[in-house]
Amino acid sequence: MRIFADENMPLVQPFFAQFGDVSLFNGRTVAAAQLAEADILLVRSVTQVNAELLNNCPQLRFVGTATIGMDHIDQPYLAQRNIGFASAPGCNAQSVVEYVLSSLWYLADKYQWQLTEKTIGVVGVGNIGRRLVNALQALNISVLQCDPLRAQQEADFAHTDFATLCRQADIISFHTPLISNGPFATRHLLNATTLPQLKPECALINASRGAVIDNQALLNELRCVEQRRPVVLDVWEQEPDILTALLPYVDIATAHIAGHSVEGKARGTEMLYQRCCELFGQPVKQQLGQLLAVPAMEKLQISADFGLPDVQNLARLLYDVRRDDAILRHYLQRNGFDWLRKSYPARREFSSLQLCGKVIPGYLPQLGFSLAQ
Ligand SMILES: NC(=O)C1=CN([C@@H]2O[C@H](COP(=O)(O)OP(=O)(O)OC[C@H]3O[C@@H](n4cnc5c(N)ncnc54)[C@H](O)[C@@H]3O)[C@@H](O)[C@H]2O)C=CC1
Ligand SMILES: O=C(O)C(=O)[C@H](O)COP(=O)(O)O
């Protein structure tokens with residue numbers, strides 16, 4: 001079989017060599033002619049998978065995206081051609097949560113907030129939102145959850161409608177898919193009409209998809225008001241050609257890397273591998289645990305005095321979002337958005353650090369840290 005994979009997908013060779021020859025392509029520029037011989041196509045979020053891309057690959061049997069988001073995939077087209085499809089649900093959910101936590105701690109330092117006095121609105125409470133809510137509750141932070149689809153399906157889900165959440169939240173973090181039509185559309189959920197409904201000082205974090213916030217409307221607002229709301233943007237409309245005029249007005253600006261932990265990206269590849277083993281009746285020979293590099297920091301001793309205020313320092317050992325903001329501001333003009341993403345420095349998840357100690361507070365595993373065996 002011929003496997004064609006995005007060059008930014010880690011560990012494709014060790015996982016997929018058992019299926020045949022692996023060829024790599026640039027996910028942003030790949031064209032139909034390059035994929036003519038593909039049996040398996042593996043993409044990330046930057047490749048639009050549709051009739052135009054696939055009209056020339058008659059033997060294609062499977063398309064996988066090593067991402068959570070699927071807005072770049074024309075699924076009805078794949079179904080119509082009877083091409084198998086899989087995404088990687090939840091693969092980098094923890095990575096996004098760690099990004100949001102780091103952003104919150106940064107904003108708290110900058111504006112001298114007590115996060116325990118703030119109410120955080122989480123919009124979209126699926127794999128990422130659910131983990132985030134759990135982490136925030138572990139940190140004693142009040143949460144409002146907005147997810148109308150879950151509200152319809154789960155009688156005991158504590159749902160706050162979007163309009164109420166906009167009025168009440170001190171900080172809003174978006175974790176919805178990008179949906180363009182229908183009753184639950186999320187494209188421009190925050191726009192020129194809904195932005196003024198927020199508290200003037202309400203902080204915004206978007207690590208979902210850029211178009212969930214109307215970027216021009218946000219810029220118009222940030223330009224006009226004297227007391228600007230704090231804003232963290234990982235995702236942007238029209239990536240890679242983002243609205244750079246926003247940069248001076250946002251507190252943290254990153255290049256769609258919230259999900260780019262080493263574990264998050266590699267899990268995406270592994271999930272597609274497992275799916276292909278199932279689909280093509282092959283044994284699962286490779287395990288992620290054996291392929292991941294050993295982390296630079298493996299174990300850490302926690303003393304009996306460790307308390308909630310120490311969590312921020314512990315987390316910073318592994319990730320500090322200021323690094324990624326600085327990289328974007330320094331290199332965007334010179335090297336471009338996609339270069340920032342391709343050359344992203346390694347970031348390990350909380351779980352890579354095993355905590356030792358006689359008593360490990362329960363909120364540490366709740367945040368994603370692992371306990372030494
Ligand atoms: N910045 C980054 O690097 C990453 C971004 N993402 C984005 O985050 C999104 C969410 O990821 P997951 O939580 O894993 O997806 P998920 O599918 O597990 O959860 C999404 C939740 O949003 C809810 N939802 C749908 N429409 C909504 C609406 N109008 N209002 C409120 N809630 C709504 C759904 O009911 C669902 O519970 C992905 O679709 C992707 O676009 C995902 C991974 C990395
Ligand atoms: O999983 C998703 O959805 C994401 O947004 C990815 O983390 C984005 O990564 P790329 O596929 O664009 O590298």
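Cβ coordinates are placed from backbone N, Cα and C, and glycine is handled just like the others.
No curator has checked TrEMBL annotations; they are predicted automatically.
Going by what TrEMBL states, the NAD(+) site holds T176, A207, S208, R209, D234, G259, and the candidate of D147, D156, D305, D310 recorded there is D147.
Filtering S45, T67, R209, D234 by Cβ distance to ligand 2 (under 6 A) retains the following binding-site residues: S45, T67.
On the backbone, the CA of R209 (NAD(+) binding site) and the CA of H256 (active site, proton donor) stand 9 Å apart. You'll find the Cα of A207 (NAD(+) binding site) roughly 14 Å from the Cα of S45 (substrate binding site).
Annotation for G259 (NAD(+) binding site): same-chain Cβ neighbours under 8 Å, separated by at least 6 residues, are T67, I68, C91, N92, A93, S95, V96, Y99, A207, K265.
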